Amino acid sequence: MRIILLGPPGAGKGTQAKLISEKFSIPHISTGDIFRANIKEKTPLGIEAKRYIDNGQLVPDEVTIGIVKDRLTKDDCDNGFLLDGFPRTVAQAEALDEFLKGINKELDVALLIKVPEEFILERMTGRRVCTSCGASYHIRFNPPKIEGKCDICDNELIQRKDDTEATVKERLEVYSKQTYPLINYYKDNGIISEVNGTESINEVFGNISNILGRDK
């Protein structure tokens, strides 16, 4: 089974990807992980990607596509894969389809985890992390016993820069601009399936499992 996972930042894609990977015995392929692995191994594509990242630039499509293609040729992808973080644009989606067609394969489903913006804002801006031990909390869903203090080591809890309202809104705007055309692309291809990401982890995964069971 070959799956694309779509959804806004904070939609719980990482959690669901892990569950899908385990249940269906397919590798969870995150573009971030691929970049880090290639940079660490100093592959030609990794060296090129690092050059852009070090200069604060977006890695061009041709480099990203090259790294993803290389990963998809590994033996563990023979029976399928779950792609997370790629494609991000229609151009990348078209390149992926062309590559798969060249090896007589195609995507089975593009899974979209739908979560309203206000829900994402509450989920992400409410996150707090301990400055000492790294324990995670949420001011509403998983609050510490004493406000602003870690239950484990009693050190200060902070909000990460990535979780400020301004940063979250900016990330959502980028996601919206990039991903809506991508959603329409997969709708036109007839392979998109949507799940409600505001439900519990188990409920979301149950719905995903039902969809993937139908598409097997």
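Glycine too: its Cβ is placed from the backbone N, Cα and C atoms.
These features come from Swiss-Prot:
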- Gly10, Ala11, Gly12, Lys13, Gly14, Thr15, Arg127, Ser136, Tyr137, Glu199: ATP binding site (BINDING)
- Thr31, Arg36, Gln57, Leu58, Val59, Gly85, Phe86, Pro87, Arg88, Gln92, Arg160, Arg171: AMP binding site (BINDING)
- Cys130, Cys133, Cys150, Cys153: Zn(2+) binding site (BINDING)
- 30-59: region 'NMP' (REGION)
- 126-163: region 'LID' (REGION)
Under DSSP, is Cys130 (Zn(2+) binding site) part of a helix or a strand, or is it coil? strand
Can you grab the distance from Cys150 (Zn(2+) binding site) over to Gly14 (ATP binding site)? Cα atoms, rounded to a whole Å. 25
Could you check what DSSP calls Thr31 (AMP binding site) once collapsed to helix, strand or coil? helix
Would you mind pulling the DSSP three-state label for Phe86 (AMP binding site)? coil
Going by C-alpha distance, which of the binding-site residues Val59, Phe86, Arg88, Cys133, Cys153 is nearest to Gly14 (ATP binding site)? Phe86
Of Gly10, Gly12, Thr31, Val59, Phe86, Tyr137, which binding-site residues come within 10 Å of Cys130 (Zn(2+) binding site), going by C-alpha to C-alpha distance? Tyr137
Name the secondary structure element type, per DSSP in three states, that contains Gly14 (ATP binding site). helix
Just to be sure I understand the packing, how many Cβ atoms besides its own are within 10 Å of the Cβ of Cys150 (Zn(2+) binding site)? 22
Candidates Thr31, Gln57 (binding-site residues); min other-Cβ count within 10 Å returns Gln57
Counting only residues 6+ away in sequence within the same chain, which have a CB under 8 Å from the CB of Gly12 (ATP binding site)? Ile113, Val115, Gly197, Ile201, Val204
Please indicate, using numbers and ranges, the residues of the same chain that are 6 or more beyond the region 'NMP' (30-59) and have a C-beta under 8 Å from a C-beta there. 14, 17, 66-68, 70-71, 83-86
